Amino acid sequence: MLASLLFLGTWPAVLTLLERRGRLPQHTYLDYSITNLLAAVLIALTFGQLGDSKHGMPNFFTQLSQDNWPSVMFAMAGGVVLSVGNLSTQYAWAYVGLSVTEVISSSMVVVIGTTLNYFLDNRINRAEILFPGVACFLVAVILGSAVHASNAADNDEKLNGSTDGYKLGANGSVEPSKEVLDKNAPKDLENGASGAKHVTKAEAGTAEYLIELEERRSIKVFGSSTFIGLGIVFFSGVCFSLFSPAFNLATNDQWHTLKDGVPHLVVYTAFFYFSISCFVVGIGLNILFLYRPMAGVPKSSFKAYLSDWNGRPWALLAGLLCGFGNGFQFMGGQAAGYAAADAVQALPLVSTFWGILLFGEYRKSSRKTYILLGFMLFMFVIAVAVLMASSGHRSTK
């Protein structure tokens, strides 16, 4: 479970790094989708084939030929909503930041998804502990929204007060003053060089750093409304909330959709079908976004994607991390019980570590932002602990 926690908290940082370096999100997600599916196939062909096939616990190849399509459809539905959620968060990380996005979306997973699982699992969690924990996650969501609004205000203040003569334009774009252009202009402007480019690397958290990042990154966020980013985060949170109940229905058949005598899907088979639909949706939508991009991202083409090797190994690594992280989470929940599986909801703490360490999130922010960030993380830790304490064990009868 610790490996799952590390993997699921790290792969968002990898994709965020690529976006900040200017790689188109469509290219990155296409690469990510390939290895994400590869991880599921490897898990199914190895762990799914261990031991002899039994009636109540058939192996992977045995289940492929069984009449279990109702459960397969639930698993694939879970893959669809997870893929849409992951795709949404790729844009939310740019607008809201890695830390806040992960805290809000993971909190919504518990508020909606764990509540649904509570009723699907015949109330095996202790309600007197679970629902106060859900309330703590709701508080974390509210605090996360406040952190984003406060940090956005800090950034606006930095840009408007920049001593280098930078200011926000009417539409939120960054406009250098004439003095800055004259000061930094190279001798060969006739060759197309921009006088507004910085020669030296700016310090994280400064206005100059924010400007350099905006010029370099593929998703432009200056001038966007605070509510746009939060709207994307909440949408992805709803999607993430639904994939776990769908996977639960796929593996436990609480609605009795399977015919008599047909065994439930084992976790490896369900994860395989889950990942197939995740792959199909991710590939299909991002091929569409190559030609009809969102959020002001430049157009591309499939040919341009195939030739874009800048950052591809990192995108492929992110897919493996996410695929094995999800697989280990499902496997750990089956082997160690739900208390251990719930610990994976602490993954935003790993993402926050990477966000602050790698990307300098909240560097040189106001005291108000730091206080809100501290309270958000504190409330999230308390909520995860309460969630783990509420966990019960599924009856095997």
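Placement of Cβ uses the backbone N, Cα and C atoms for every residue, glycine included.
As annotated by TrEMBL, signal peptide applies to 1-16. Residues annotated as transmembrane segment in TrEMBL: 32-51, 72-93, 99-120, 226-247, 267-291, 312-331, 337-358, 370-389.
The transmembrane segment (312-331) makes contact with the transmembrane segment (32-51), as judged by at least three Cβ pairs under 8 Å among residues 6 or more apart in sequence. Same-chain neighbours of the transmembrane segment (226-247): 74-75, 77-79, 81-82, 84-86, 88-89, 91-92, 95-96, 100-101, 104-109, 111-114, 116-117, 120, 145, 148-149, 152, 270, 274, 330, counting only residues six or more beyond its ends whose CB sits under 8 Å from a CB of the stretch. Non-local neighbours of the transmembrane segment (32-51) in the same chain are 15, 57, 59-61, 83, 266, 268-269, 271-272, 274-276, 278-279, 282-283, 286, 315-320, 322-324, 327, 331; each lies 6+ residues outside the stretch with a CB under 8 Å from one of its CB atoms.
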